[in-house]
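Asker: Please see the structure below; I have some questions.
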């Protein structure tokens, strides 16, 4: 992990947090800058910066952080945060301090961001567990491929990858020998085992391997490395595939992990979880400058949806009273054709 852009994209800059937090530690008239004939107060600074994109994002993150800390604060330990912090530091190596500095972060502000992320992660996983229906299990089973044994070549250059693929296609080519010679992985590792739910192998590589029969060799697979932002190129050969059992319950534990992992990556699902937490916290925006920071979560929370549905029902009832003939026509139409909900109810639920 040698590129500091990942930090920039994933955390709030220290400067933006300071722009907002300054108002908490001092009053509006506190002078933060003085000069000949003029001063700049906290209020001046706040009004100047609050409409900027970075401050809008900072406020959103601050709200989410406070809400999830209040609701799930006891679910994430200091040890977990420290572990994640040191793992990131190890991945960046010697460039970690520079990456933090470039993002205007200190170790402590970065740890706070890690904690906030983990609190949301916990809430999302807990919500995902409630989605574990028989239908979800069966759906996951349909696309599931059990453990595969593969040989994989990892390369840094597309032209080299294409050349290696041609070499592999030659009659009598020894995939294992060529793989060990050409791969750029540490210690020349080429043998792997994983199933279709693996997260330690690039998704496109997993998909390609899952689609192959035993002995099959993939084309060159191009993958953008999310840590280095550099492209990697893969060629895989499936050497063995476990036979898939007919009963999905044989894989229930594994399917559970896959379903939860997929929902945890689903931004729409994440937003619903955040929206529900915001609803529960009864968040109210007091400054119009920040009126739209929660727009992406509007109408996603359970309370918000219920209020919206209640409002719609009330408006429909009022309209029916004002237009009785139209209401009667609607009722007649509804009696002739089942609603979507009724149509679904008429069929037995999947078991």
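Cβ coordinates are placed from backbone N, Cα and C, and glycine is handled just like the others.
Residues annotated as signal peptide in Swiss-Prot, with sequence analysis given as evidence: 1-22. As annotated by Swiss-Prot, N-palmitoyl cysteine applies to 23. Under the heading domain 'PpiC', Swiss-Prot lists 145-240. According to Swiss-Prot, the compositional bias 'Low complexity' annotation covers 303-317, 326-351. Swiss-Prot lists 303-351 with the feature region 'Disordered'.
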Asker: Per DSSP, what is the residue count of the domain 'PpiC' (145-240) in each of helix, strand and coil?
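Answerer: Breakdown, helix to coil: 32 helix, 27 strand, 37 coil.
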Asker: The domain 'PpiC' (145-240): mean pLDDT?
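Answerer: It averages 96.
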